[in-house]
Amino acid sequence: MRPVYLDNNATTRVDPVVVDAMLPFFTEQFGNPSSIHSFGASVGVSVKKARQQLQQLLGAEHDHEIIYTASGTEADNTAILSALEAMPGRDEIVTSAVEHPAVLALCQHLEKTGRAKVHYIGVDSLGRLDIEAYRNALSDKVALVTLMWANNETGTLFPVEGLAELAKEHGALFHTDAVQAVGKVPIVLKGSAIDMLSLSGHKLHAPKGIGALYVKRGTRFKPLLRGGHQERGRRAGTENAPGIIGLGKAAELAIEHMVDEQTRVKELRDRLEKAILQRIPNCFVNGDPRERLPNTSNIAFEYVEGEAILLHLTRQGIAASSGSACTSGSLEPSHVMKAMNVPFTAAHGSIRFSLSRDNVPEDVDQVIEALPKILEKLRELSPFWDGANKDPKDFKPVYA
Amino acid sequence: MWDYSDKVKDYFFNPKNAGVLGEANAVGEVGAISCGDALKLMLKVDPETETIQDAKFQTFGCGSAIASSSALTELIIGKTLEEAVSITNQDIADFLGGLPPEKMHCSVMGYEALQAAIANFRGEEWHDDHEEGALVCKCFGVDEGVIERAIRMNKLTSIEQVTDYTKAGGGCLTCFDKLEELLAKVNGELVAEGLLAEHAAYRIGGSDAAELKAKAKAKKEAEKAPVREVAAQATSPIAPSSPLPPPSAGMTNLKKIRLIEEAIEELRPYLKKDGGDCELVDVDGNNVMVNLKGACMGCQMASVTISGIQERLIAKLGMPIRIIPVKNTH
Ligand code: FES
C-alpha cells in the first residue's frame with residue numbers, strides 16, 4: 001500500500017531541490033552572514049539572493065521589505081504587537097472569528113490584559129467575511145486590521161486587497177496572515193494596500209523553523225526581538241542561513257509550480273471532491289466553492305465522527321486531517337466550523353484533504369476507493385443514521 | 001493523533017457486537033449528536049435469570065467511543081444484571097489496556113449507558129432526565145448525577161479531570177462554579193469515608209478560577225462574533241473553466257500581449273455588467289499592469305476580480321502571470 005499524503009495544509013514535504021540548496025550552508029558555508037570576513041560574506045550573498053527570490057514570489061517592491069522570522073506564528077505576533085506599539089492613540093484590533101490560533105490566541109491575550117479592544121468579525125455559512133460588520137468595526141481607533149488571506153481549514157479566500165483598502169480609509173495598518181496562501185495563489189504586494197504579510201516556510205516545501213514577515217516600506221514598525229542588528233535591526237538573532245536559503249529556493253520553485261497548482265492540483269482536488277460527493281450520501285463541502293485555495297477540500301460527513309474516519313484512513317495509508325474536536329483534545333468542533341454555523345450533525349465529521357504538487361492521480365483514486373466503504377461501516381455503527389436520508393440527490397445541508 | 005493501545009485499536013477496527021439488537025428488552029441511550037458523543041446500548045435480558053444474553057451497541061463518536069462501547073458489550077454478555085450493575089468506567093478502560101486521560105469520558109459514557117439500560121429493564125427512572133436544576137454543563141448536556149458519579153468512582157480531584165471524564169467544562173466554562181462546588185462536595189464525602197486523603201481533596205478556589213474564566217470569556221467573545229447570512233453569489237464567469245494549454249515556453253512577447261488583450265476583452269463585458277471595467281496598461285515580463293475602473297476600483301471585491309483575471313490569464317497563457325493593479329494614469 002502506497003502512502004498517500006493529503007495533509008499539506010498542515011505541512012509539506014521539503015522539496016529535494018530545496019534540501020540540496022541548503023546542505024552546503026550546514027557544512028562548508030557555515031559562516032555567520034553578518035560577519036564581514038570571507039566565511040560570512042559569501043553566506044551573506046546567498047542570503048541576499050534568497051531574499052530576492054522571496055521578494056519575487058510576493059511581488060514585493062523591495063527585497064528589504066522582508067524580515068525573516070522563525071515561524072509564521074512569530075511573524076503574526078510581530079505584526080500585531082508592532083502595530084499596537086507603533087500606532088499611538090489607537091488601541092483597537094479588527095480580526096475575524098476564523099483566524100489561525102497564531103492570531104486569535106494573541107488577540108485574546110491582548111484583550112484579557114486590557115491592551116487592546118478586539119473586534120472579531122463573523123463569517124457566513126461559506127466562510128466569507130461579513131463585509132458589512134467589517135466596515136462597521138473600522139474607525140480611527142483601529143490600530144490594525146489582521147485578516148487571513150486563506151483559511152487553513154476550508155481554504156476560503158478573503159478578498160484581502162480590497163479589505164486592505166477599506167482599512168486604509170481609516171488610517172489603520174493592514175496585516176494578512178498568508179501562511180496558507182503563499183505559493184498557492186499569485187500574490188502581488190507592490191501597489192497593494194497591504195502593509196504586512198506573514199508566511200511560513202514549511203507550508204511551501206521549505207523546512208520548518210523559518211518564516212517571514214513582509215513589511216511594506218514606510219510602514220511604522222517596532223521589533224519584537226531586540227538585540228543585534230540582524231534584519232536591519234527589525235529582528236535580532238543570528239540569521240537561520242540554511243532556512244533562509246531553503247525558503248528562497250522554495251519561493252523560486254513555487255513560482256515555477258504556480259501554474260501546476262492552479263490547474264493540475266486543482267483538477268485533482270476537484271475530481272476527488274466530485275467523486276466523494278457522488279459516491280457518498282449526506283456529505284457536503286465546507287467553504288466557498290468559488291473563492292477557495294486550489295488544493296483544499298473540506299468535506300463534512302453527516303452522522304459520523306471525524307476521528308473515526310481518520311483512523312480508518314490512516315490504516316489504509318491515507319493522511320488527511322479533521323476539524324473534529326476529538327482529534328485535537330478539545331471537545332468542541334473547530335472554531336471555524338462553529339463560526340460558519342455548520343450543523344452539529346456534520347461539524348463533528350469534517351475531514352480536510354489538502355493536496356500539493358507532490359500528489360498524483362493515483363493518490364486521489366486511492367481515497368475514492370477507500371472512503372465510501374469507511375463511511376458505510378461507520379454509519380452502520382451510528383445511532384443517528386437509521387432515519388437519515390440516504391439518497392445524496394435529495395440531501396440539502398440544513399443551512400444551505 | 002492519540003496514542004491508543006493495541007486493544008483500543010483492535011476494538012475500534014473490529015468492533016464486536018455493533019449494530020441493532022432486534023430482540024432487545026433493555027435500552028440505554030446517552031449523549032447527543034450536538035455533544036459529539038452518543039451511545040445506544042441494547043440488551044437482551046433473560047427475564048427469569050436476569051442474565052444478559054446478548055448486547056449490541058450503536059455509537060456516534062471517536063475511536064475510543066467505539067472501542068469503549070464494544071468493550072462494554074464484551075464485559076457484560078453472560079453476566080447477570082446484579083453483576084453488571086457494579087461494572088465501572090474504570091473496568092471498561094482497564095479492559096482496553098487504558099485510554100488517554102482526555103478520552104476517559106468515553107468510558108464514562110459506557111457506564112452511564114449501562115446504568116440507563118438496566119434501569120430501563122427494571123422499569124425504573126434513570127436520573128439522566130435533566131430535571132430542573134440538575135443540568136450542570138449546558139455545552140455538553142451533562143447533569144449533576146453524571147458528574148458526581150464520575151468524581152466518586154474515579155476519585156477525581158481537579159476540574160481538568162472532571163472535564164476529561166465527563167466533558168463538563170470543556171466549552172464555555174460558565175459551569176465552573178457548579179463544577180467546583182460538586183468536586184469539593186464529593187471530595188469531602190470521600191475524605192469522610194476514608195476513601196481519599198485529606199490533602200488530596202479539592203477545595204473551592206483550588207484552581208485559578210479567574211484564569212480559567214478569562215480564558216473561557218475570551219473564547220466566547222470570539223465565538224459570538226456576528227454571523228450574517230450572505231446571499232450566495234452567482235458563479236462568475238471570471239474563473240477559468242477550461243483546462244490549461246501546456247506551458248508555452250518561448251512565446252513571443254507580441255503573442256503574449258495579444259493573448260492577454262484577448263483574455264481581458266473576454267472579461268470586460270462581465271466586469272461592465274457589475275459597473276466596472278479593466279484596461280491593460282503595460283506588460284513587463286510576467287507582470288501585467290491593469291487599470292481597474294468604476295465599481296471594480298477600491299471595492300472589496302477588487303482582489304477577487306484581480307485573482308479572477310489572473311487565473312484566466314494563467315489558464316490562457318500556461319505560465320505564471322501576476323496582475324498588478326495600477327492607478328489611473330490617463
Ligand atoms: S456550560 Fe459547561 S462548558 Fe459550557
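The backbone N, Cα and C atoms fix where each Cβ goes, and this holds for glycine too.
Any TrEMBL annotation is an automated prediction that lacks curation.
What TrEMBL records for B:4-124 is domain 'NIF system FeS cluster assembly NifU N-terminal'. Residue counts for the domain 'NIF system FeS cluster assembly NifU N-terminal' (B:4-124) under DSSP, split into helix (H, G, I), strand (E, B) and coil, are 57 helix, 28 strand, 36 coil.
Annotation comment: TrEMBL describes B:135-184 as domain 'BFD-like [2Fe-2S]-binding'. Each residue in the domain 'BFD-like [2Fe-2S]-binding' (B:135-184) gets a DSSP state, and the totals come to 28 helix, 5 strand, 17 coil.
Taken from TrEMBL, the feature region 'Disordered' covers B:229-248.
Averaged over the domain 'NIF system FeS cluster assembly NifU C-terminal' (B:260-322), the predicted model has a pLDDT of 72. The annotation domain 'NIF system FeS cluster assembly NifU C-terminal' is assigned in TrEMBL to B:260-322.
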